[in-house]
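J.: Here it is, the structure in full.
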Ligand code: AHG
Ligand code: MN
Ligand code: MN
Ligand code: MN
């Protein structure tokens, strides 16, 4: 990466300067996320060398075994955001309840809440495959000056003011949107600087990748099963290629670059989604729409879903518009 490219710091500064009345709070917040990303990246990179791999010995609110890196990333992101006193609240996949944060003057004057999946794809840690962090930012709806309320975190995804992810992959990349397109910044590890490597990211016109855990096939609805058969059929530009890493961030990142659809359908006897609406589906849906794609529950727009609880799960189908439209048509078909 050469220094001819803009740094993330310069990009944030220039974007803020374009809005002379902005308070700079959102810029400071993205800066804090940038810092937490670097700290987490440092730890992820040496995962095989120090005692950071494996189970932390606890179960989180999701009923999952927490990995040491889940705990580490959660602590670092929360610490970095709290210490800077720039958000009024944080919710995390790894925390049962949301955390209220005071501004630096001890009041509750900050405007933004952040929801994070500190470490996404944690089953990939021990096998040295890529993992990520996902974040989602909303303006609070409860009055400024009072402690944040649950309602501040339970807003539909369409209210997001920003969302993004960091992928700790062959290189580390931070991808985010403030509602004005999607931009990606690759970390130069020697300098500790993110450079603007992926301007205005968009799903390519046509996609030919489908990403789904096919081990769950027996649990899928007939519509989803038919769509998978459609992807596999030899006809026109099909069969599509199947690619699945098992880390939403990495699967999404590949598909936004190469073109494709990511699917986590409802599973099990209760037909529930696995991914968390607030930490995973909504931020990815926001980025998808900003990149000219579509994100659906299978029968409606993800960003329109009204969350009822912090850790609610939802089905997610996101990627190229045409692919998502086709999938929805199969689901809507009566047998
Ligand atoms: P997390 O590691 O944050 O709990 O998320 C796991 C999610 C997501 O990253 C991934 O796409 C999906 O779970 C993989 O699920 P399966 O192993 O069931 O395919
Ligand atoms: Mn988890
Ligand atoms: Mn996750
Ligand atoms: Mn996670």
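From the backbone N, Cα and C atoms, a Cβ is placed for every residue, glycine too.
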J.: Which one, 280, 289, 306, is listed by TrEMBL in the same Mg(2+) 2 site as 117, 120?
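T.: The record-listed residue among the candidates is 280.
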J.: Can you find which of 72, 168, 176, 244 TrEMBL lists as binding substrate at the same site as 120, 121, 122, 123, 213, 274?
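T.: TrEMBL lists 120, 121, 122, 123, 213, 274 binding substrate, and from 72, 168, 176, 244 it also lists 244.
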J.: Considering the Mg(2+) 1 binding residues 117, 119 given in TrEMBL, which of 64, 93, 151 is annotated for that site as well?
T.: 93
J.: Could you list, ordered by sequence, which of these binding-site residues: 120, 121, 244, 274, 280, have a Cβ under 6 Å from ligand 4?
T.: 120
J.: At the level of the C-alpha atoms, what whole-angstrom distance separates residue 93 (Mg(2+) 1 binding site) and residue 120 (Mg(2+) 2 binding site)?
T.: 10
J.: Would you mind reading off the Cα separation of residue 117 (Mg(2+) 1 binding site) from residue 213 (substrate binding site), to the nearest angstrom?
T.: 20
J.: Non-local Cβ contacts of residue 122 (substrate binding site) (under 8 Å, 6 or more apart, same chain)?
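T.: Long-range Cβ contacts: 64, 67, 69, 70, 131.
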J.: Taking the Cβ of residue 244 (substrate binding site) as the reference point, list residues of the same chain whose Cβ is under 8 angstroms away and which are at least six residues distant in sequence.
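T.: When sequence neighbours closer than 6 are ignored, residue 244 (substrate binding site) has 211, 212, 213, 214, 251 within Cβ distance under 8 Å.
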J.: Whole-number Å only: compute the distance from the Cα of residue 119 (Mg(2+) 1 binding site) to the Cα of residue 280 (Mg(2+) 2 binding site).
T.: 11
J.: Using DSSP, break the domain 'Fructose-1-6-bisphosphatase class 1 C-terminal' (204-330) down into helix, strand and coil residues and give each count.
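T.: Output for the domain 'Fructose-1-6-bisphosphatase class 1 C-terminal' (204-330) reads 55 helix, 26 strand, 46 coil.
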